[in-house]
Amino acid sequence: MAFIRKKQQEQQLQLYSKERFSLLLLNLEEYYFEQHRANHIWHKDSHHERKIRGSLKICSKSVIFEPDAISQPIIKIPLRDCITIGKHGENGANRHFIKAKSGGISLIFSQVYFIKEHNVVAPYKIERGKMEYVFELDVPGKVEDVVETLLQLHRASCLDKLGDQTAMITAILQSRLARTSFDKNRFQNICERLHMECKAEMVTPLVTNPGHVCITDTNLYFQPLNGYPKPVVQITLQDVRRIYKRRHGLMPLGLEVFCTEDDLCSDIYLKFYEPQDRDDLYFYIATYLEHHVAEHTAESYMLQWQRGHLSNYQYLLHLNNLADRSCNDLSQYPVFPWIIHDYSSSELDLSNPGTFRDLSKPVGALNKERLERLLTRYQEMHEPKFMYGSHYSSPGYVLFYLVRIAPEYMLCLQNGRFDNADRMFNSIAETWKNCLDGATDFKELIPEFYGDDVSFLVNSLKLDLGKRQGGQMVDDVELPPWASSPEDFLQKSKDALESSYVSEHLHEWIDLIFGYKQKGSDAVGAHNVFHPLTYEGGVDLTSIQDPDEKVAMLTQILEFGQTPKQLFVTPHPRRITPKFKSWSQTSSYNASMADSPVSPGEESFEDLTEESKTLAWDSIAKLQLHEQYKIHKEAVTGITVSRNGSSVFTTSQDSTLKMFSKESKMLQRSISFSNMALSSCLLLPGDATVISSSWDNNVYFYSIAFGRRQDTLMGHDDAVSKICWHDNRLYSASWDSTVKVWSGVPAEMPGTKRHHFDLLAELEHDVSVDTISLNAASTLLVSGTKEGTVNIWDLTTATLMHQIPCHSGIVCDTAFSPDSRHVLSTGADGCLNVIDVQTGMLISSMTSDEPQRCFVWDGNSVLSGSQSGELLIWDLLGAKISERIQGHTGAVTCIWMNEQCSSIITGGEDRQIIFWKLQY
C-alpha cells in the first residue's frame with residue numbers, strides 16, 4: 001500500500017546516496033542544511049586518540065555525525081544542549097586533543113544521542129553530562145563559516161519562545177534559498193524552455209526538505225538545497241496523470257503530483273511558501289501537460305461506485321484523495337473504517353449482519369455506556385464543546401499500526417523511543433476491544449488493512465519492541481481465530497469490505513467522515529463532534545499575531561489529527577447495485593473508468609450528476625442564441641421554469657407575471673397584482689404555485705392550477721427586492737433594510753382562509769437590501785446592499801458572520817459557490833469579488849468596464865450578464881474574461897440556469913427573454 005511503497009522508494013534513494021543518515025533523524029520541523037566530510041577526534045585519555053571518518057551534517061536544531069563504519073553509531077548533538085561552540089584550540093580549551101589540526105570544530109555540550117549502531121534500528125541511546133567533541137573538517141578553510149552558522153543556529157535554539165525560534169530559523173533558511181537558484185545544468189535536454197522557478201519544500205512523512213522547484217516545457221524538477229537524497233528529483237510531464245492542490249499545515253500551500261492513475265502514493269508532494277506559487281505551478285502543469293487527466297469530482301466517483309464500476313475500496317481511496325488525505329502527510333493520512341465486529345469466532349460469517357460493525361455510528365458511539373459518560377461530560381462542558389478528546393486519525397495512530405514496517409518514523413515522532421510494550425499494536429482483537437471500551441481511544445483503520453502487503457503485521461525486521469507485563473516479547477501481531485495467516489486475515493478483511501452488508505451501509509460511514517454528519521447539528525445528532533481545531537477552517541492561522549501562539553497551535557493540530565475536508569453536504573446515496581462480485585484490488589483503473597452503456601431509464605439520473613454539470617461548464621463558451629421573445633413592456637426582472645422545462649414564468653417592471661409555453665412558443669397567461677413593478681419570482685416545489693415579489697411591499701402567491709392569486713404576504717415597509725424559498729421557509733429582502741425569514745405554507749385553494757405566516761427571524765441592515773442568495777444547504781445567506789456591502793449570515797443562529805464593504809455602489813447580485821466555501825458578488829462598479837466564507841476575506845477581485853447585473857457560476861467559471869447586453873464568461877483561476885457573447889440590446893437583468901446547467905434563459909431591459917443552446 002501507499003505508506004509501504006513510499007518507504008521502499010526512500011530505501012531506493014538511500015541506496016543511491018549510500019548513507020545511513022535519514023531526515024527522520026531530525027526533530028519535527030527541523031531542516032538539514034549542509035554536510036562536510038570530517039573526522040571525529042575521539043580520545044580515551046590525554047595521550048590516546050583516534051579518528052573516526054564520516055560526514056558532519058549541519059541541521060537547524062542539531063549537529064549530526066555519520067561515521068562511515070556502520071559499526072559506529074550516528075552521533076546527534078542537540079544545539080540547545082551545547083554550552084560552547086568554537087574553533088578547536090581557542091580560549092585555551094581542548095587541552096586533551098593534542099594532535100588535532102587547525103581544521104577542528106569544538107563542541108562542548110551536556111547531552112548526546114547515539115543512533116543506529118551496527119545499523120540496527122532501535123531506541124536512541126542517550127549520554128548526559130558535560131563533554132566535548134572535536135570534528136576535523138577535510139577543508140580547513142570552511143571551519144570559520146561552519147562555526148558562524150552553528151553559533152547562529154545555536155542562538156535560535158536557545159530563544160525562550162518557540163515562535164521566536166521558528167521565525168529565526170525560517171529567516172536563516174530563506175536567506176540560504178535566496179542565495180541559491182536551480183542549477184540549469186540539471187536539465188535533461190539543452191532545448192528545454194524554462195517556464196517557472198520558485199522556492200518550495202518536498203514533503204515526505206514527518207519531514208520536509210527545502211529547495212528549488214523548476215518547471216520547463218517537458219519536465220518538473222526539484223533540487224534539494226542540501227543535495228539529499230540525490231541532487232535532483234525529476235518528473236517527466238508526459239508521465240503525470242493527476243495533480244491535486246493540497247492543504248498543508250492548514251494552509252493552501254501543497255501540490256501533489258501522481259504518475260499513476262489509481263495509486264494513493266504520489267510521485268512528489270511539494271509545499272510552497274506562497275499560495276500564488278502553488279497555483280502558478282498547478283496552472284503550468286495543467287497547461288503544458290498534453291496527456292493530463294482532469295481531476296474527477298466526488299460526485300462522478302459516487303456515480304461509478306453506485307453502479308458497481310468502483311469497488312468499495314477504490315471508492316474510499318478516491319474520497320480520501322479528494323478530501324486532502326495523503327500518505328505523505330501523517331496528520332492527514334487516509335482513513336478507512338473498522339468493518340468487522342467479530343474477532344473471537346473460529347469462522348467468519350459474512351452473511352451474518354452481527355459480524356459487522358454498525359457503520360452509522362462513529363467508533364466513540366459504538367459502546368452505549370461509554371457514550372453516555374461522554375455525553376454527560378459534553379452537556380456540562382463550556383464552549384467550544386466536543387464529545388471526544390482524541391481523534392480517529394492522527395500521526396500517532398498511523399504509526400501505531402505501521403511500527404513494524406516503519407520503525408524509524410515512530411522513533412522520529414516519539415523523540416527516539418518506541419511506545420510502551422503493552423500499548424503497542426499487539427493484537428487485532430485487543431485493539432478493537434480498546435476502541436470499544438477505552439476512555440480516549442476512538443481510532444479507525446488505515447488502507448493497509450484492506451491491501452495486499454502483510455509487512456505491517458509481521459516483525460520481519462526482528463525489531464526489539466520491548467517486553468510486555470506477562471513476559472512475552474512484542475513480535476508479530478496476534479490475529480483473530482478465523483485468520484490462519486496474515487495473508488488470510490487481509491483477504492478476509494477485503495472480502496468483508498466488499499460484502500453486500502458493507503455495500504448497503506458504507507454510505508452511512510461516508511456521511512460521518514466525509515459528509516453532512518461531519519459538522520453542525522447533524523454531527524451533534526450523530527454523536528460525531530470532535531475538537532473544533534480538527535476541522536478545516538477551525539482556526540485561521542493568519543489571524544494569530546503572536547508567533548509563539550501560532551506555532552503552538554499548529555503543532556497541537558498536526559499532532560492531534562485533522563478531520564477530512566467535507567465532500568458532501570447532503571446525505572450520501574446508497575449503492576444501487578443489489579449484488580456485487582468479490583472485487584479484486586488488482587483490477588485495472590482503465591476497466592473501472594471504461595464507458596458503460598446507460599439505459600434510457602438511467603439518463604435522467606446521470607443528468608443530475610456532477611459530470612453533466614462539468615461538461616456543461618466546459619462547453620459554456622460555445623453558448624449560442626437559440627430563440628428570443630419580447631413578452632413584456634418593461635425590463636424583465638425575474639425568470640423561473642417548471643421542473644419539466646415546459647413553462648417559463650417571468651416578472652417585469654411592467655407589473656406583470658407572465659407564463660410562457662416553451663413548447664407552443666406562445667404567451668399563455670399575464671397576471672397583474674398591482675400597478676407596481678414586480679422584482680423577482682420563483683416556483684414552489686411541486687410546480688403548483690408561483691411567488692412574486694413586488695415594489696408595493698408585498699409578496700404574492702399565484703396558483704397555476706386555479707389561475708388566480710392564492711395568498712398575499714404584507715411583510716415589509718418598502719419594496720421587496722428579492723425572494724428565496726427552501727423547505728417551507730420564505731426569505732424576503734427589502735429596501736426597508738431588512739431580510740426576513742418566514743415559516744408557513746400558502747393556502748392550498750384560493751378563496752379559503754388565508755394562511756398565517758410566522759416571522760422566524762429578521763436580519764437587520766443599515767441600508768436597503770438589493771439582493772440575497774442561499775447556500776446549497778440553506779444554512780447560510782448572503783445579502784448585498786445599495787452601498788456596496790456584502791453580508792454573510794448564519795441562518796442557524798440568525799447572526800451576522802461577516803460584513804464586507806467590497807463594492808462602490810449597489811451590489812447587483814450575489815451567490816455561494818456550490819461547495820459553500822466562497823461567495824461571488826457583482827456590483828455597479830463593474831467588479832467581480834470572491835469572498836472566503838470562513839474568514840470573510842476578499843480573496844479575489846476582477847473588474848470589467850461596465851456593471852455586471854446578474855450571473856451564475858460553478859465556483860471556477862462565471863457567466864454574467866452585462867449592462868451593454870453581452871454575456872461574459874470569466875475564468876476565475878486565470879483571472880480573465882475568456883469569452884464575450886452578443887445577446888440583448890439592453891442590460892441583461894436576470895439569468896436562469898437549470899440544475900444540470902444544460903439550459904439557460906436570460907431576461908433584459910430590452911423586454912426580451914432569450915433561450916440559449918449549449919453546443920457540446
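Backbone N, Cα and C atoms are what each Cβ position is placed from, and that goes for glycine too.
As written in TrEMBL, here are the features:
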DOMAIN    189-286  domain 'BEACH-type PH'
DOMAIN    290-575  domain 'BEACH'
REPEAT    713-743  repeat 'WD'
REPEAT    762-803  repeat 'WD'
REPEAT    804-845  repeat 'WD'
REPEAT    885-920  repeat 'WD'
Across the repeat 'WD' (804-845), what does the mean pLDDT come to, as a whole number?
88
Per the Cβ filter (under 8 Å) with a sequence gap of at least 6 from its ends, the repeat 'WD' (804-845) is approached by 537, 540, 542-543, 569, 770-777, 779-780, 782-792, 851-859, 862, 864, 874, 876, 879
Cβ under 8 Å to the repeat 'WD' (885-920), counting only same-chain residues 6 or more beyond its ends: which ones?
607-608, 612-613, 615-617, 619-620, 622-641, 645, 648, 650, 652, 660, 662, 680, 851, 853-856, 858, 863-873
By DSSP assignment, list the helix, strand and coil residue numbers for the repeat 'WD' (713-743), in that order.
0 helix, 21 strand, 10 coil
